[in-house]
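The 4-amino-2-methyl-5-(diphosphooxymethyl)pyrimidine binding site annotation in Swiss-Prot covers Gln185, Tyr186, Arg187, Asn188, Lys189, Asn217, Ser256, Lys285 and is backed by sequence analysis. As annotated by Swiss-Prot, Mg(2+) binding site applies to Asp218, Asp237. Annotation source Swiss-Prot lists region 'Unknown' at 1-128. Under the heading region 'Thiamine-phosphate synthase', Swiss-Prot lists 129-353.
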Amino acid sequence: MKSMPFAPIADLRVAQLIDANLDRAREGLRVVEDWCRFGLDREELVMTLKDWRQRLGRHHHDSYKQARSTATDQGIGLSHPAQQERHEPWHVVAANCARVQEALRVLEEFARQPDPQLAASAAAIRYGLYDLEVTVLQANAGKKRRQQLQDCHLCLITTSQSDLNSNDLLRTVNAALVAGIDMVQYRNKEASDLQRLTQAKELASLCRKHGALFIVNDRIDLALAVDADGVHLGQDDLPTDVARRLIGSERLLGRSTQFLAQLQKAEAEGCDYLGVGPVNSTATKPERQPIGLAYVKEASKATQLPWFAIGGINISNLEALRQAGAKRIAVIGAIMNSKDPAATSLQLLEALR
């Protein structure tokens, strides 16, 4: 690694300080880089972080390293109780982003006169890291959503007839969430936009409280407005590439399919999950011809993406679906019209396990 032109600093204390903060910044960048590499599989972030490390390395002159005095450094071995609270990978990443930003700021201040090239590089990297940290946070959220999606078994889709004013919608969904459903898809074709927004906000809050995914049907604007985990689209809705551009790469994108070619197209276009159905006749879409179990069997062999069988599913016909290869189901009436939505949800979940 070729060093930048440099005249040694006369003040030993400043040289030691710069050496320590170069070490701190480079080490912290490596921690973030490795998470982007192994945890997020984001090559473009890895390359950016690697470039920043190497740029700092070119400023890490021998005279700084020779000023190092580990034996007399009063900060050696010091720790903070907060370090024991980093239970998730993102906690480690966030702590190291902050560590790097602080180290770079110190370098800017103390290297401005004796090593202006280092100060300029530190400033540029610090501002770049502010933006990259947000990108990593979003990527981490997307990774978590997709992992959670893999573990989903039962998705509740709401009905347009539910009335928020009587608390039926919230009460029913909350009961199902308490029972352990993994995912809620908000669907309301009849309400005004203002009522949809109010309902979606309430449901999104409920889902966050219970650790469940919250998806909005059709309406990307509504999904973004309430910070939903994703959006579900039908065959006549926006093309996948347009939808992805609007919602970003870190939110989930689902697509309804009625036959194998649609499934293959949705998978090739980058959808995160699929709806397979309607398996049976439904009151929600009475005009839609049911596909029966044949397509369910095809889907079970055709894709590794998570997919949900949908359409007139209840406890009485669930076993036949399981035998056909369905591991996940989406239901509407079975729970929304139940006198005991919690008990029905538990019954369906137990049958899926």
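The backbone N, Cα and C atoms fix where each Cβ goes, and this holds for glycine too.
Ranking the binding-site residues Lys189, Lys285 by how many other Cβ atoms lie within 10 angstroms of each Cβ puts Lys189 at the bottom.
Across the residues annotated as binding 4-amino-2-methyl-5-(diphosphooxymethyl)pyrimidine (Gln185, Tyr186, Arg187, Asn188, Lys189, Asn217, Ser256, Lys285), the widest Cα-Cα separation comes to 16 Å. Between the CA atoms of Ser256 (4-amino-2-methyl-5-(diphosphooxymethyl)pyrimidine binding site) and Asp237 (Mg(2+) binding site) there is a gap of 10 Å, rounded to the nearest whole number.
Separation of the C-alpha atoms of Asp218 (Mg(2+) binding site) and Lys189 (4-amino-2-methyl-5-(diphosphooxymethyl)pyrimidine binding site): 10 Å, rounded to the nearest whole number. Cα of Gln185 (4-amino-2-methyl-5-(diphosphooxymethyl)pyrimidine binding site) to Cα of Asp237 (Mg(2+) binding site): a distance of 16 Å. In the three-state DSSP scheme, Asp237 (Mg(2+) binding site) falls into the coil class. Helix, strand and coil counts under DSSP for the region 'Unknown' (1-128) come to 94 helix, 0 strand, 34 coil. Taking a C-beta cut-off of under 8 angstroms and a sequence separation of 6 or more, Tyr186 (4-amino-2-methyl-5-(diphosphooxymethyl)pyrimidine binding site) has the following same-chain neighbours: Thr158, Arg196, Gln199, Ala200, Leu203, Phe214, Ile215, Val216, Asn217, Leu222, Ala228. Note on the region 'Unknown' (1-128): its mean pLDDT in the predicted model is 88. The number of other CB atoms found within 10 A of the CB of Arg187 (4-amino-2-methyl-5-(diphosphooxymethyl)pyrimidine binding site), across every protein chain shown, is 19. Note: the Cα of Lys189 (4-amino-2-methyl-5-(diphosphooxymethyl)pyrimidine binding site) and the Cα of Asp237 (Mg(2+) binding site) are spaced 14 Å from each other. In the three-state DSSP assignment, the secondary structure recorded for Lys189 (4-amino-2-methyl-5-(diphosphooxymethyl)pyrimidine binding site) is coil. A gap of 14 Å separates the Cα atoms of Arg187 (4-amino-2-methyl-5-(diphosphooxymethyl)pyrimidine binding site) and Asp237 (Mg(2+) binding site). Sequence-distant neighbours of Asp237 (Mg(2+) binding site) (same chain, 6+ residues apart, CB-CB distance under 8 A): Asp218, Ala243.
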